[in-house]
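> Next up is a structure, given as structure tokens.
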Amino acid sequence: MEHTYQYTLIIPFALLPVPMLIGVALIFFPTATKNVRRMWAFPSVLLLSIVMIFSFNLSIQQINGSSIYQYVCSWTINNDFSFEFGLLIDSLTSIMLILITTVGILVLIYSDNYMSHDQGYLRFFAYMSFSNISMLGLVTSSNLIQIHIFWELVGVCSYLLIGFWFTRPIAANACQKAFVTNRVGDFGLLLGILGFYWITGSFEFRDLFEIFNNLIYNNQVNSLFVILCASLLFVGAVAKSAQFPLHVWLPDAMEGPTPISALIHAATMVAAGIFLVARLLPLFTVIPYIMNIISLIGIITILLGATLALTQKDIKRSLAYSTMSQLGYIMLALGMGSYRAALFHLITHAYSKALLFLGSGSIIHSMESIVGYSPDKSQNMILMGGLKKYVPITKTAFFLGTLSLCGIPPLACFWSKDEIINDSWLYSPIFAIIACSTAGLTAFYMFRTYLLTFEGHLNVNLKNYSGKKTSSFYSICLWGKEGSKTIKKNYCLSTINNNEGDSFFSKNTYPMDGNVRNMTRPFITITHFDNKETFSYPHESDNNMLFPLLVLVLFTFFVGSIGIPFDQGRMDLDILSKWLTPSINLLHTNSNNSFDWYEFVKNSIFSVSIAYFGIFISSFLYRPIYSSLQNLELINSFVKMGPKRSLWDKIINVIYNWSYNRGYIDFFYSIALTRSIRVISELTHFFDRRVIDGITNGVGVTSFFVGEGVRYVGSGRISSYLFLYLFSVSIFFLIFQVL
């Protein structure tokens, strides 16, 4: 065991040679390096695989009951202060290491083909390797200073990855938005770290927890100050994990390449905030009110993320809001003190969401063979449909990932989400009702995404788009105005400004380009990689893009089994419970580790029924009528309800506009913060230029004229001296006369 632990130092730095060598090679041998650029994927995968092997070995040691803290080096500032750099390997670290390495390897393999035609291929792999380095360093940190250093590096990597295609203005704006939003959280994190150092005098987790618990027990610390410092630490996690109200950067982060989205949402950036709260949970549990704040932010984020996902047309943005909502479940579990359930859902959600994002990348890849490189079209679910005939493997993988996220047994997310919902009933019935309702919303919008993408016909190629008036069917959404809809070449898209009462599909139209393959700046040439044949229809991705999907399907099927309590009789296969021993659980303090299968099945039936209800509603509303005309009469009977629908239309229209406009939160920030700061900046600039500079320049000008006057008088001319003498005498004489 000691032989294994002495090599743990290589974990955070094993990948460091990759970005360094890529940079050096591009400087000294640019042409040769670019000619063999795909060779650089191999060392990235190889080194990360080595780290993965170490991670699994360490995890086995953790399951067997070991914990390790390895001291590395110490930097002594003076006799009273020294800073220690170290590695902390415990159950939380080993879980995060496995998540980062397994998902990271699959994303790198996937990216080799996905980015093969991009001019920034080498830069992409350098950024990805550096991002993995930062995250590995973060989860192995033994103190708050190391956490903050790698925390900032994770933020820098996210800035570089989100803005990878920086020549696109929307991508450049997205990375700036993510960076600025996270600056708010990072500032709070730094203040919180300094506050707890002022209280305890230590950055090390072991000493920090021990000293702080003693101070709380002896009532030797100011409660308000402690709550403030803990809240500031939590603000850092709120920003990094896209929790309300600092979630606004997450949907815009989808402007980066899809493999980046998979990595950020599954194993790196958004997981960093969850990791921070989990790492500091022994600190938070003894602070009044802070756990309530964490759970409150979690439940708000759950509901907000689910409602904002309802109207998304972009497939990646829909998955982004799904991530936001699912991270809310994890934050809720941490706030309730259900440590095991939180980490369980972190594991299952990571693999399911990686599967969905890589699946969406395969979908986008296939759509680009028709519409060219145009994210507004290749990622638009309204322009998809019927893809199950063209990408059957991707369809199956995406379908299983969708079922998992919906909480359908026996897939992974069912076990973890159900555990969180069951614990929420013990914590707060109101929170439990919201969590259960959101589970139904999750099933609704995820199946909406699936149906719009794979069912029906490929909308871009429908004959009805030729302009012929051949269709008089009603809108496929029941929430539009009464009347027939003729489908023309101008495709009906959702709009923000909807004054006519239309809902999910407005009659305001936006013409599609006649030649969608002409691109001003093509990043990717859409051809089949083997025979250079251009496709006029979607096609399945290559094998090295499908292989990670199949592996993630296996994870989605079986990773949930690590948390299923099989401890019946002589069986003791609850791996996660042994992995997390000792575990924090404020809701089951008197538990004897027994498991009531009857209670579990009863609660599961309720949650699964809600999920199936959401799936049914989604299927009823979004299953295309072009492929299921037998339901057309029923649909038209709802559409023709006449005046009874007016109030319902208004309600749905308000909900739709609220969801489509992201709850008006971005608009509020734009008005209340951005414009206010701009006005304050302009006033400050005016005050600086006119008042501060005016005083300084006024003194200079006055001195200049006084000096010029003195210089003129003292020019050596007798007449000037005589004039000054007589003028002075006259002044004194007048003053004397007045007095």
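Note that Cβ sites are derived from N, Cα and C of the backbone, with glycine treated the same way.
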> Can you identify, from 125-145, 650-670, the stretch that Swiss-Prot calls transmembrane segment?
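Going through 125-145, 650-670 one by one, Swiss-Prot gives transmembrane segment for 125-145.
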> Using a Cβ cut-off of under 8 Å, list the residues of the same chain at least 6 residues beyond the transmembrane segment (425-445) that approach it.
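For the transmembrane segment (425-445), the sequence-distant neighbours (Cβ-Cβ under 8 Å, at least 6 residues beyond its ends) are 295, 299, 302-303, 306-307, 309-310, 312, 318, 321-322, 325-326, 329, 332, 336, 405-407, 417, 587, 603, 606-607, 610-615, 617-618.
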> What else in the chain is close to the transmembrane segment (224-244), if you only count residues 6 or more beyond its ends and a Cβ gap under 8 Å?
151, 154-155, 181-182, 184-186, 188-189, 191-193, 195-196, 199, 216, 250, 269-274, 276-277, 280, 283-284, 287-290, 293-294, 297-298, 300-301, 304, 323-324, 327-328, 331
> Per the 3+ Cβ pairs under 8 Å rule, pairs at least 6 apart in sequence, do the transmembrane segment (89-109) and the transmembrane segment (283-303) touch?
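Per Cβ check, the transmembrane segment (89-109) does not touch the transmembrane segment (283-303).
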> Under 8 Å for C-beta pairs, could you tell me which stretch among 40-60, 147-167, 258-278, 283-303 has the largest tally with the transmembrane segment (354-374)?
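By Cβ pairs under 8 Å, 258-278 leads among 40-60, 147-167, 258-278, 283-303.
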